[in-house]
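Data block below; observations after.
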There are 4 protein chains.
Amino acid sequence: MSSEDTLIHSDDPRHPANLICTLCKQFFYNNWCTGTGGGISIKDPETSHYYLAPSGVQKEQMRPEDLFVMDAQTLDYLRAPKLYKPSACTPLFVACYQKKDAGAIIHTHSQNAVVCSLIFGDEFRIANIEQIKAIPSGKVDPVTMKPIALSFFDTLRIPIIENMAHEDELIDDLHKTFIDYPNTCAVIVRRHGIFVWGPAIDKAKIFNEAIDYLMELAIKMHKLGIPPDCGIGEEKKHLAGP
Amino acid sequence: MSSEDTLIHSDDPRHPANLICTLCKQFFYNNWCTGTGGGISIKDPETSHYYLAPSGVQKEQMRPEDLFVMDAQTLDYLRAPKLYKPSACTPLFVACYQKKDAGAIIHTHSQNAVVCSLIFGDEFRIANIEQIKAIPSGKVDPVTMKPIALSFFDTLRIPIIENMAHEDELIDDLHKTFIDYPNTCAVIVRRHGIFVWGPAIDKAKIFNEAIDYLMELAIKMHKLGIPPDCGIGEEKKHLAGP
Amino acid sequence: MSSEDTLIHSDDPRHPANLICTLCKQFFYNNWCTGTGGGISIKDPETSHYYLAPSGVQKEQMRPEDLFVMDAQTLDYLRAPKLYKPSACTPLFVACYQKKDAGAIIHTHSQNAVVCSLIFGDEFRIANIEQIKAIPSGKVDPVTMKPIALSFFDTLRIPIIENMAHEDELIDDLHKTFIDYPNTCAVIVRRHGIFVWGPAIDKAKIFNEAIDYLMELAIKMHKLGIPPDCGIGEEKKHLAGP
Amino acid sequence: MSSEDTLIHSDDPRHPANLICTLCKQFFYNNWCTGTGGGISIKDPETSHYYLAPSGVQKEQMRPEDLFVMDAQTLDYLRAPKLYKPSACTPLFVACYQKKDAGAIIHTHSQNAVVCSLIFGDEFRIANIEQIKAIPSGKVDPVTMKPIALSFFDTLRIPIIENMAHEDELIDDLHKTFIDYPNTCAVIVRRHGIFVWGPAIDKAKIFNEAIDYLMELAIKMHKLGIPPDCGIGEEKKHLAGP
């Protein structure tokens, strides 16, 4: 086995190369990554290498051999499959690693994200829903030093940035959201999809699932006439007839 | 194998530790437990121990090793996985065991439950639908002593309680529903989800599926302008144009 | 193996006992038979025995051991599992075998059927959709003696009967539809579900899938303001504005 | 093994006979080919033979033995299963091979295609959505000679033709779209479904997934009151109130 191959071959289903393939398949069947849309990257907790799904591959068919591996310091490719090009998302993933201390980033073309980007202006907002508690507030408990989640009574706010012709052109607006929304773990790209990150792949996956659930619910609330961030007990005032 | 492990390791797929894992996976792919939401508990019919899914675990990946086991008398943990915290639902599950003689409790973040909690006031109501017959009336046949199901012409009523910041704060309102709705096998928590119980896990699962089906149908009826509890033959009067 | 067991045990996946289990699982995950709703029966082409799914069993977990087998002449049970009761649909299935020369009958609690029964009056109607061609017209080609399918320009009509407290009470109205709609291969039961039959299980399954597709489409057309049986080119006249 | 069988039996999952079966199953569970609707054909890159799914077979149960194989020059069948008839789509598939240099054609009864054909007139249009970039513009880079994809700011246009009683009657209108829309990789058939082709099966599959995603999104936009081809930033003007 060449040294390149040792980077991606492992019997451990939790190895980043295996996890990316498993999750791409799961996301494909969740309709988040059809038509080769979307992408995913995981930082190996041991080596700190960035594992990256390539561009243009059918997500449900991805194999470890298809992945790129990048050195976290030099940003050189330690491994590049001959058949594929790096994902155009790569600079955005690197920005999340470097500026947000991410351990993994998930990018989907979720229709819930696209529809929310049509309904909402510069910010997705939903409040007073139990599932919000799956999302981190960005604050840390001063005693335990553990991250504090949003509470049921909080409002989840996710910035929405405008899409560009090429994904790497999103980098400036992404950096701007890091300043304007220092606590966010996600950015919606209008008419495009969503980027979600976390300190490790398990967390990123949980955040992505919870946010997609909340975006789906927000669309349903909008259709019922209920503002997704309306106060508890205000629903009936807004409820569209009959 | 330590005595702790004998509590959770069995070749029998019907063993509570195996069933919880199987059902959590099934519920995850039904979109009831994404983002680590929801939970489940089964009372072992032989030992009466309570088996409990932990907090914060991805439901489709749950393993028997992840489960808590509680003594039904002392409420002490006979087994507690080091990595996880008990679910915040635990006191609610215990209340269902103790006050409702439940054999299993299912808690989901079903979007149908959340949307119904926005449409309905203090009570979910649907009438004259065949699937209602899957739900127990709470009455018992005086001859056979078997539970009597609701009939097609009955109205299913499920109480809706308000959500709180922490799940254990729901306990008072849960107890109140036990008094106000002595025959209910479910409680909807507004903007949160639903709790469904039954005398055994098979029954709880069937009740949960039937109630989710009925909540989904009630939302569709509401959108068509038809009150979900309207009389047979009254639909066309309510049917929203065109 | 007792003679009872030889009725239900076969290595052939096309044996009725195996097919019923496979299809119940498939239908469960299609949301047609959750909460133990629905049922299925297949006539063994070789022995003419009727194979029947029992009442109250979780459809995705059904095993050959759970099935009833009935003699087609005497209507006596050749095999009856001790744990279960016969399905309340049994008399309706037998009526389809005897009066419609059915080879299999599928009964689901499809939400599309229930919603269509709320939108439509005494008859479900849809016209000018390609998928209609999967449904038999009831006529036979006088030369080849093969059944003739509906054409694209035909209107599919399915009778809708009222639900009763008990399924066996549906028998009179079912017989009436056999007279009023001699060519139909399906009957919708209002606020309940649908019965679909065919000369063999493959045909019944295809008819059921095609009808469910057409009911789903009819609901979407209704919501857009387009009558599901409107003429080709008339759609835009009806299309509800934004 | 007879020479006929060598045409369809291979251990390679990428062999056209195996791929057709795998994809038919995947498409069935995506609700694109239920009730035996739809079809698929792949040109073997090595022999140029056309592999064709037959008429009337349940798509999730298709086996290599069920397939037709056609000589690309003579259009004679090199292999024809005794039990089945050729698909009525065959002349349309052959037209795509001959006139569009297709390597594979996918035909589905996608409800998104049917609903779009009811909402739109002679042309499906959507603009300014990231997923559009999965669709080829029909132009070729003059330097690399590689196909150029649509850009985010482009409008995807897919012609809609009227359905006929028999699929082979669609051939004239299909040829007409080849002239009027020389760059399209798809044609929607009103009240019927969609045909999508590409230079190879992987591409055809990706185009089909991306187009279905875009049709689904267009329907959602229409329901929100937003024209699917409206300009960026114009959404809020159109957004139907609650």
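Cβ atoms are placed via backbone N, Cα and C, with glycine included.
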* Which of these, A:H9, A:H15, A:H175, A:H192, does TrEMBL say binds Zn(2+) at the same site as A:H107, A:H109? -> A:H192
* To do: Please report how many Å separate the Cα atom of A:H107 (Zn(2+) binding site) from that of A:E130 (active site, proton donor/acceptor), as a whole number.
  => 24
* **Between A:H192 (Zn(2+) binding site) and A:E130 (active site, proton donor/acceptor), the C-alpha gap once rounded to whole angstrom** => 27
* To do: May I ask you to report the DSSP-based helix, strand or coil state of A:H107 (Zn(2+) binding site)?
  => strand
* Asked: Which chain-mates of A:E130 (active site, proton donor/acceptor) that are at least 6 residues away have a CB under 8 A from its CB, listed by sequence?
  -> A:F152
* When the number of other CB atoms within 10 A of each residue's CB is tallied over all shown chains, which of the binding-site residues A:H107, A:H192 has the maximum? -> A:H107
* Rounded distance in angstrom between the Cα atoms of A:H109 (Zn(2+) binding site) and A:C89 (substrate binding site) -> 12
* Is A:C89 (substrate binding site) helix, strand or coil when read with DSSP? -> coil
* Asked: When the pLDDT values for the domain 'Class II aldolase/adducin N-terminal' (A:18-219) are averaged, what is the result?
  -> 97
* Asked: Out of A:C89, A:H107, A:H109, A:E130, which recorded positions come under 8 Å of chain D, measuring Cβ to Cβ?
  -> A:H109
* Using a 10 Å cut-off, grab the number of neighbouring Cβ atoms around the Cβ of A:H109 (Zn(2+) binding site), all chains included. => 27
